[in-house]
Amino acid sequence: MNIIRKLKPGTISLVLGPMFAGKTTFLIHCIYMLEHLEKKVVFIKSTKNTRDKTIKTHSGIQLRPKHCKIIESTQLSDVGSLTDIHAVVIDEAHFFDDLIKCRTWADEEKIIILAGLNASFEQKMFPPIVRIFPYCSWVKYIGRTCMKCNRHNACFNVRKNADKTLILAGGSELYVTCCNNCLKNTFIKQLQPIKY
């Protein structure tokens, strides 16, 4: 996989998928490749993600960059000047209501790489992802196997409890990723009502 050829200055790339699919692992890989090319990279993480204060995947892989600057923020507009940065990498992009700010950075000839969930626990796309999608020059979908049946491709994020808060950060203690068959035969019955 030579992703670097697709990552051009002035472009926005988007990686989507369900939870536990490897989106953050993919971002870490991109950061290491960009650093190898001596690009100055900033990694932006939402303060809404309260799971972990480090840059770590659900599987335990941790980001140990050489020169990457790591910023935690609630809004992208609070990040400040990125004049000396070549690439902006954003994890959990769906957490940023002002994700459209990435267009400004792309206009400044920065490489923008975003990763976010394909849908909420209600199986609806997050508004920030919907707004930025038309400006993405490259989109990658990363899937995973259903955590319930282990047979089919999973694309649905299902919350294990009845909390209806849209943004509720957590891992496998709060969420399961499942296929369509398990969603309709198991989880919809348990978690009524999921509206399409």
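Backbone N, Cα and C define each Cβ position, glycine as well.
What Swiss-Prot says about this protein:
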BINDING   Gly17, Pro18, Met19, Phe20, Ala21, Gly22, Lys23, Thr24  ATP binding site
ACT_SITE  Glu92  active site, proton acceptor
BINDING   Phe121, Leu166, Ile167, Leu168, Ala169, Gly170  substrate binding site
BINDING   Cys146, Cys149, Cys179, Cys182  Zn(2+) binding site
Cβ atoms other than its own within 10 Å of the Cβ of Ile167 (substrate binding site), all chains, total 12
What DSSP gives for Gly17 (ATP binding site), in three states, is strand
Would you mind checking how many other C-beta atoms are within 10 angstroms of the C-beta on Gly22 (ATP binding site)?
19
Of the binding-site residues Met19, Lys23, Ala169, the one whose Cα sits nearest to the Cα of Cys182 (Zn(2+) binding site) is Met19
I'd like the Cβ neighbour count for Met19 (ATP binding site), meaning other Cβ atoms within 10 Å of its Cβ, all protein chains included.
22
Rounded to a whole number, how many Å is the Cα of Pro18 (ATP binding site) away from the Cα of Ile167 (substrate binding site)?
15
Under 8 Å Cβ-Cβ from Gly17 (ATP binding site), six or more apart in the same chain: what's there?
Lys23, Leu117, Asn118, Tyr141, Ile142, Gly143, Arg144, Cys155
Rank the binding-site residues Pro18, Phe121, Cys149, Cys182 by the number of other Cβ atoms within 10 Å of each Cβ, and give the residue at the low end.
Cys149
Students should find that the Cβ of the residue listed as 'active site, proton acceptor' has, within 10 Å, a number of other Cβ atoms equal to 20
